[in-house]
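Trainee: What follows is a single structure, and I will ask about it in a moment.
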Amino acid sequence: MGVDFSALRTLINRYCAGEENWVDSRTVYIGHKEPPPGADAFIQQRFPDNRVVSSKYTFWNFIPKNMFEQFRRVANFYFLIIFLVQLIIDTPTSPVTSGLPLFFVIIVTAIKQGYEDWLRHKADKAVNQCPVSVIQRGKKIKKESFRITVGDVVFVKEDETFACDLILLSSSRDDGTCFVTTASLDGESSHKTYYAVQDTKAFRTEEEVDSIHATIECEQPQPDLYKFVGRINIYMDNEAVARPLGSENVLLRGATLKNTEFIYAVAIYTGMETKMALNYQSKSQKRSAVEKSMNSYLVVYLCILISKALINTVLKYIWQADPNKDEPWYNERTEAQRQRHILIRAFTDFLAFMVLFNYIIPVSMYVTVEMQKFLGSYFIMWDDDMYDEELGEGAVVNTSDLNEELGQVEYVFTDKTGTLTENNMEFIECCVDGHVYVPDAICNGQVLSGAAAMDMIDTSPGPGGREREELFFRALCLCHTVQVKEEETVDGIKHGIHQGKSASFYISSSPDEVALVEGMKKLGFTYLRLKDGQMEILNREDEIERFELLEVLSFDSVRRRMSVIVRAASGDIFLFCKGADSSILPRVISGKVDEVKARVEHNAVEGLRTLCVAYRPLSPEQHQEVCRLLSGAKLALQDRDKRLSEAYELVEKDLILLGATAVEDRLQEQAADTIESLHKAGMKVWVLTGDKMETAAATCYASRLFRRNTQILELTTKRVEEQNLHDVLFDLSRTVLRHHGSMTRDNCSSLSNDCTDYGLIIDGATLSAVMRPPQEDLNSGSYKEIFLEICRNCSAVLCCRMAPLQKAQIVKMIKASKEHPITLAIGDGANDVSMILEAHVGIGIMGKEGRQAVRNSDYAIPKFKHLKKMLLVHGHYYYIRISELVQYFFYKNVCFIFPQFLYQFFCGFSQQPLYDTAYLTLYNISFTSLPILVYSLMEQHINMDILKKDPSLYKDVAKNSLLRWPTFIYWTVLGVYNAIVMFFGTYFLFDNTTFTSNGQMFGNWTFGTLVFTVLVFTVTFKLVLDTHYWTWINHFVIWGSLVFFVLFSLLWGGIIWPFLNYQRMYYVFMQMLSSGPAWLSIILLITASLLPDVVKKVIWRALWPTITERIQVNAGSFHVLAFLHRFRAMKRFERAPASPCSDSLLDGVALTEA
């Protein structure tokens, strides 16, 4: 019988949250007042306070938790074990050689992570201690934010941010509405309208609000931003009046009050139970693919190390089986050593060999990698191309651990609003009965050049056409939810809607509604205000027209349209409707459908957002029937949304088509070019947005995510309602798989418009159904796998109406797919934080939606266009550099230690070191570390301009291609070959030969020093051969490190050092250099070591060159030709007398070089 641990965990969490008696709903007592006698029993539930915690550590758990996380790294744990072994037993080397680098890395990493968490603590403290106004006993008092509890009545002023999730009780506006921006939640900076409870909206003073006697019953906290179910029971004369509560009554934490002087609201969810906190993804340690490869290589080398130690231990005891070899006369054992058990002696010897060969595991590699990542990150911050003059800021690196991951990205998940777009809508044109109108086409009596071939306002057809035109303009001035704020400035920016009038500006939950109303103002009809139920319009003759607003049929993503019912001053009643063409045209019974439809299709192809406008005159009897239908649906407590939808369907029919509009959502500069480059680089781009489907789809066309020939596949609520989810998924799967391999963008030329590919659109509700675990009683299997298969065969995917946590779920699903691709998420708002934290690499945009995305990201850039250089140039370079660094470190350590292994066969397995202690310690620290560090910071195997112009070069390094096993094995074999050449080359050249002028033989330290000298020069020259980009720094460090080795060896062996007990290297190096054969041996062995690698490179480049290698060859040829042109020109110039032609000749040479 299995135990359901998930259920147990949930129960524990609920108990710890203070809710032992967990129920599906909660009861909130407004103002903490008990219900009157006879009402439901008063049961005060316990809720968490309003404290928000985003930090990872506390003062008490920092050291143990951080140490645990760091020693989870295989390398750190291994070096700790080696250090302890060196402390416990007598080993050939000092514990300092292992302990010092290890503790340096641990301490530096701990300081870095501690500082980052201290910043999070600081930010949490600022938020939690923010003052909030609370109503208690009819008075307004100030409380710190974290002290707010569920049931407190909160007072919020304009431009203040809500400290917790609230139910709106009343506002300063007569109609009980307030306007809110939710930019930090769903990325939409437009104003949204929220409604107070009808029975409490009149309470506008502290005393009146404190007199409210009511309870709220609502669902337990859940992360869906767009869903809320509850009801309020208001007690009047000891009788309860119940009113329904929906998402339109809930003000979410993080949102900001706008265009409303003040509100009163009651707290229902606090602290970590708010919807914003539930959508917050906890920050975890990210590890790059390169680091995982390093750990894999480390395990292989650890196995090699153990094998070496085991072989030497076994051979040592075979060697010592002969008593004469076991205890020679000059090295007899003590009595204690003789009595020690052979297994203990063997184990001690095994550990001693482990320590002797320990240098094959490059401890200094991790120090060098940390330094390379830290110093390399400054190249991003110093990049002038990624500096934005408008913001006055450049790129920011919050973590340097993932630099190389920027060169391995396969999936890019991007937000739309504020990331791809500027969220700045502009009215482009409108079409009335086939006649096109462009705002500002006529200016000061002159027709602008851009207005050619257009029908202008004053050239509209006849009186009948003029009447229809004005009806169209009136429809757009009335059919909206735009509000007017009459203030001189907002955020320092002046707004005005009519010349000569007081400064005002429009606000709305939809920015394209504002664009339409502003467009009508340019065409002569100005919307003034909504006052006392009357909508006022200023027409072309500067006359004010008034219409009584009777009903608003709100927009929703299923209907894709909205309507208003108004009564004109003449008494005529009209229903004006605007919406997507697919939603309006099927309901039209008359009008110039073909002409309008043609214009809509033309604008859609141009990437503009289009809407159709229609109307329907209503008789008084029809209006009465409409009112009856709508009021019945609005009062329903069960299935309210369904009944409203049915009522809207009955009302919005028999429409007369007026025309269409075109609005442009301006993309950020070079956003389309950036997406195009990412596609050419082999990356798949997904747009994840909380915006409406139509808005997002139009942006995708404008940004070239969808092309003209892209066939759009919809997996939306509307389609799932028509068919069941199972059938829709399998239909889409059959569609894309039928054309698999021939219809995807990867197989199409980027310049071809003839190739058809697929784009998928999915909304949040359908995604929830797809992600839901399959039911046991259904044979449907997992929908998730089918969905993934569809996505793999689509060139682009758009996910709309996404909650922040759903964005993270999408990223997590792709990360966990069988290919395990590297993902990148980019966004600008707090709603993007979850996916930024979930992705392998998270990038924040320094936009207008606050800095939460920037603070929680790994990297931050000013604009979306900077992503191109960050990935295609910096990411490419970082991956190339660190790949060489990792492979080179393992290679040079194989070259270093394998001769030590071979030497044991010639010294009776006595654990005698081949190299001097100073050489053992300084080889990785001083002699060979700086050249590879500078290489890993400076190397540019291809010019950065070429990388930007040819994004396909990114594919050359994709999928961790430079750290695959064949490449790793080649470097290891090369290291073993070099070690064999060094050791046996030296051994056979010295065999039975005198090398000094006085006939003296070289000893074992001279032998080891000669091998070490060949080793240092060989591994350094190997790096020289691999370097493509030379600067004075490279020259200084490479040749300087070789000079330092020679000078150190001369000083180390040429001076009697008083702090040494014995000096075995005295005069050894100088004696070796005094021998001519030794010099010859060094040159021959270095050449023999490097020759195979050079030959292999020449053959490979000649027969199987990569795209990168071809470009390198072409670039080299170009530089040679440029040099020859310059040389010949100089010769001609020296021979020729001075003349005007000389300047033109030099100009021609310069042009040729350019």
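Numbering starts at 1 and runs along the chain as it is shown here.
Every residue gets a Cβ built from N, Cα and C, even glycine.
From TrEMBL, here are the annotated features:
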type     : residues                                                                                                       : note
ACT_SITE : Asp415                                                                                                         : active site, 4-aspartylphosphate intermediate
BINDING  : Asp415, Lys416, Thr417, Glu513, Phe555, Lys578, Arg609, Thr689, Gly690, Asp691, Arg801, Lys807, Asn831, Asp832 : ATP binding site
BINDING  : Asp415, Thr417, Asp828, Asp832                                                                                 : Mg(2+) binding site
DOMAIN   : 44-98                                                                                                          : domain 'P-type ATPase N-terminal'
DOMAIN   : 854-1106                                                                                                       : domain 'P-type ATPase C-terminal'
TRANSMEM : 71-89                                                                                                          : transmembrane segment
TRANSMEM : 296-319                                                                                                        : transmembrane segment
TRANSMEM : 350-369                                                                                                        : transmembrane segment
TRANSMEM : 918-938                                                                                                        : transmembrane segment
TRANSMEM : 968-990                                                                                                        : transmembrane segment
TRANSMEM : 1002-1024                                                                                                      : transmembrane segment
TRANSMEM : 1036-1060                                                                                                      : transmembrane segment
TRANSMEM : 1066-1091                                                                                                      : transmembrane segment
Trainee: For a quick check of understanding: among the binding-site residues Thr417, Phe555, Arg609, Gly690, which residue's Cβ has the most other Cβ atoms within 10 Å?
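Mentor: Top count of Cβ atoms within 10 Å goes to Thr417.
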Trainee: If you count other CB atoms within 10 A of each CB, which of Asp415, Asp828, Asp832 wins among these recorded positions?
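Mentor: By the 10 Å Cβ neighbour count, Asp832 comes out on top.
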Trainee: Of the recorded positions listed here (Asp415, Phe555, Arg609, Gly690, Arg801), which is spatially closest to Asp832 (Mg(2+) binding site) when Cα positions are compared?
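Mentor: Nearest in space to Asp832 (Mg(2+) binding site), counting only the recorded positions, is Asp415.
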Trainee: Whole-number answer please: how many Å between the C-alpha atoms of Arg801 (ATP binding site) and the residue listed as 'active site, 4-aspartylphosphate intermediate'?
Mentor: 11
Trainee: Round to a whole number and give the Cα-to-Cα distance in Å for the pair Gly690 (ATP binding site) and Asp415 (active site, 4-aspartylphosphate intermediate).
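Mentor: So the Cα of Asp415 (active site, 4-aspartylphosphate intermediate) lies 8 Å away from that of Gly690 (ATP binding site).
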Trainee: Return only the integer: C-alpha distance in Å from the residue listed as 'active site, 4-aspartylphosphate intermediate' to Asn831 (ATP binding site).
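Mentor: Distance between the two Cα atoms comes out at 9 Å.
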Trainee: Where does the mean pLDDT land for the domain 'P-type ATPase C-terminal' (854-1106)?
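Mentor: Residues in the domain 'P-type ATPase C-terminal' (854-1106) carry a mean pLDDT of 85 in this prediction.
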Trainee: Starting from Asp828 (Mg(2+) binding site), work out which of the binding-site residues listed here (Thr417, Phe555, Arg609) have their Cα within 10 Å, and give them in sequence order.
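Mentor: Those close enough are Thr417.
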Trainee: Please work out the number of neighbouring Cβ atoms within 10 Å of the Cβ of Arg801 (ATP binding site), leaving out its own Cβ.
Mentor: 23
Trainee: As a quick check of your reading of DSSP, tell me how many residues in the domain 'P-type ATPase N-terminal' (44-98) are helical, how many are strand and how many are coil.
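Mentor: The domain 'P-type ATPase N-terminal' (44-98) comes out at 28 helix, 0 strand, 27 coil.
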Trainee: Inside 10 Å of the Cβ of Asn831 (ATP binding site), count up the other Cβ atoms and send me the figure.
Mentor: 32
